[in-house]
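**Student:** The following feature annotations were taken from TrEMBL:
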TRANSMEM  21-42  transmembrane segment
TRANSMEM  54-72  transmembrane segment
BINDING   113, 142  UDP-alpha-D-glucose binding site
ACT_SITE  142  active site
BINDING   283, 307  Mn(2+) binding site
ACT_SITE  447  active site
TRANSMEM  519-537  transmembrane segment
TRANSMEM  543-565  transmembrane segment
TRANSMEM  642-663  transmembrane segment
TRANSMEM  683-705  transmembrane segment
Ligand SMILES: O=c1ccn([C@@H]2O[C@H](COP(=O)(O)OP(=O)(O)O[C@H]3O[C@H](CO)[C@@H](O)[C@H](O)[C@H]3O)[C@@H](O)[C@H]2O)c(=O)[nH]1
Ligand SMILES: [Mn+2]
């Protein structure tokens, strides 16, 4: 125990990122450039008789927005920090006094989220290097599926072999699926022997689960093995069923031991009550039910929240996270410790830009620098108290060691019955759950808004980005999935901005200005769509018409445009490469940003408006975690999957064609020296802009005209977008 006379060494350190001063100087030059651009726009507005007056004013507004948004993004780069925990000191000081940790895993649909995937996450969580009597894993199944329950039952049996195997050979990762795909070339005989045996067990379990899933029901002899299946005796549906709470492993039970005779962690299955007439609030509702049910059982003061597709990749991650909570001097202020979201199915070139290295390494760490670490929904350790709505106060000191199972003497049956009440629809009526307590309701990014509210109650969250990836999830493998996911995020974020939780008002005097701005980088994704669309539609059309909307290249006013554009993109490329992206990944990100703006962000904007008008409601489109073989193959080859004839794809291809037509038309004009207003030199910026857009869209043309696989853009979409873009090209002649 930390000696009384010597000063206690901290359990974690916070360090600034190097190179700040240089960055701040550089950013200031861009700022000057932006101001000059705006001055130019204001001083040169075409007169009422001239062509392009309104287009000009539109460009001014778009550039005003980009400038404003750029300033907002500086908050995430101004004050970047990183955190360093000291696990060894923790181990020395807290041997026996470690707090209980409850791990929540959420799943919602046995088809989109296969039970095998779910139990892999659960098993990886059960196998953490942490005293098993202090570890409890709770699975919330919003799908209310007996298939998932069955899979969990199988996992509880398999864990008796898996956990000792992991600990004996220190295997990593601890998701069996993730582990067995690795190559095993060990020479150790006992290891090879046991490896084979455990692999066989795993494959058998997997086959049993998958054949049950295929048939869609559980064989009678299996149903008879566990009383829990009786919950499904009366035909129940996903949207209409009673509360189900089944304790599959009771961690207090001295007979619940693994094959080496060590105690097992607690394992509980929960499907909260669902009734068609009661709104279930998606994942937030499920997390809150988990919080209450777990408080009736293990009641761990630390909660780790995982999505069902995100397994633990580092068996020591709990120890790292605890360093932040248990630090004697600063730990009592920490509300949650968020890890970045990484994916195990993302390639180096990252075609849909799902994993964002710059966001993970710079932006989120930059927000943390202002005390504004985001809560991202998964891979996050919470303090139960702050999650349950407690306000921070100076005299708050956690008592870790005194807390254990709240109802230690009660039997499993008694606990299950008591817990079911907590998972009932009626339980929350008239309480503060979803408003002041637990995760917030009514927003499709329940995580971000909950994090903001917790911060505004005085807590200081931590963002921790270790070199070794602590959690690995599954990223979207089709363009549609990726865009719909971003639409959900952009919509929820923008909704926060226009609610009473807008960081600038709600956070005023509660969180730092840097954090308020930092939140807005994401909250303002949706409105970016309009200026982005404007910039990719109007300048190309005016190029076609031969009307310059930018200064001539020989003019001094061209300099700020050239400087801001080049410096911004050169910097963003260097930044991406520095953060570990490839050049191609950065290039793909630029395309993705364009595509997202034209689709996800635009739709998010529109949906927000219709919601304000009361025409639509919050929804939650679950991202698929599996794809069929053809799709997967193309994903492996890094070919974009357009596939269906959706409105989003139509917009993308129309925009791409419009730029192509304009570029060709504009170049023809230049080559044949047709008349211009403002001279050829004035059109060069248009050509550059349009040319870059065309280059970004190369895969779109490829999918339109060359590809023949199923992921190409369907011909119906092709015809539609040819007609639409041609019509658009005629537009400037009518103005
Ligand atoms: O009614 C629901 C819907 C979803 N989920 C679970 O929520 C998680 C996230 O859903 P997913 O479809 O995978 O969405 P993503 O876009 O991948 O999730 C990101 O964005 C969400 C907010 O939009 C956060 O909740 C997630 O933590 C974050 O990873 C999954 O485990 C689901 O099982 C539920 O429990 N109940
Ligand atoms: Mn997900």
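For all residues, glycine too, the Cβ spot is worked out from N, Cα and C.
Note that TrEMBL annotation is computational and uncurated.
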**Student:** If I take the Cα of residue 113 (UDP-alpha-D-glucose binding site) as reference, which of the recorded positions 283, 307, 447 has the closest Cα?
**Tutor:** 307
**Student:** For ligand 2, pick out the recorded positions 113, 142, 283, 447 that have a CB under 6 angstroms away from one of its atoms.
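**Tutor:** Within range of ligand 2: none.
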**Student:** What number of additional C-beta atoms lies within 10 angstroms of the C-beta atom of residue 113 (UDP-alpha-D-glucose binding site)?
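**Tutor:** So the Cβ neighbour count for residue 113 (UDP-alpha-D-glucose binding site) comes to 27.
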**Student:** Which residues in the same chain, at least 6 apart in sequence, have a Cβ under 8 Å from the Cβ of residue 283 (Mn(2+) binding site)?
**Tutor:** 106, 108, 142, 377, 439, 446, 620
**Student:** Determine, to the nearest whole angstrom, how far the Cα atom of residue 307 (Mn(2+) binding site) is from the Cα atom of residue 447 (active site).
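**Tutor:** Between the Cα atoms of residue 307 (Mn(2+) binding site) and residue 447 (active site), the distance comes to 12 Å.
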**Student:** Under an 8 Å Cβ to Cβ limit, what residues of the same chain, 6 or more beyond the ends of the transmembrane segment (519-537), are close to it?
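**Tutor:** Result: 58-59, 61-63, 65-66, 69, 72-73, 75-76, 363, 367, 372, 374, 448, 452, 486, 489-491, 493-494, 496-497, 502-504, 507, 593-594, 596-598, 601-602, 604-605, 608, 655, 658-659, 689, 693, 728.
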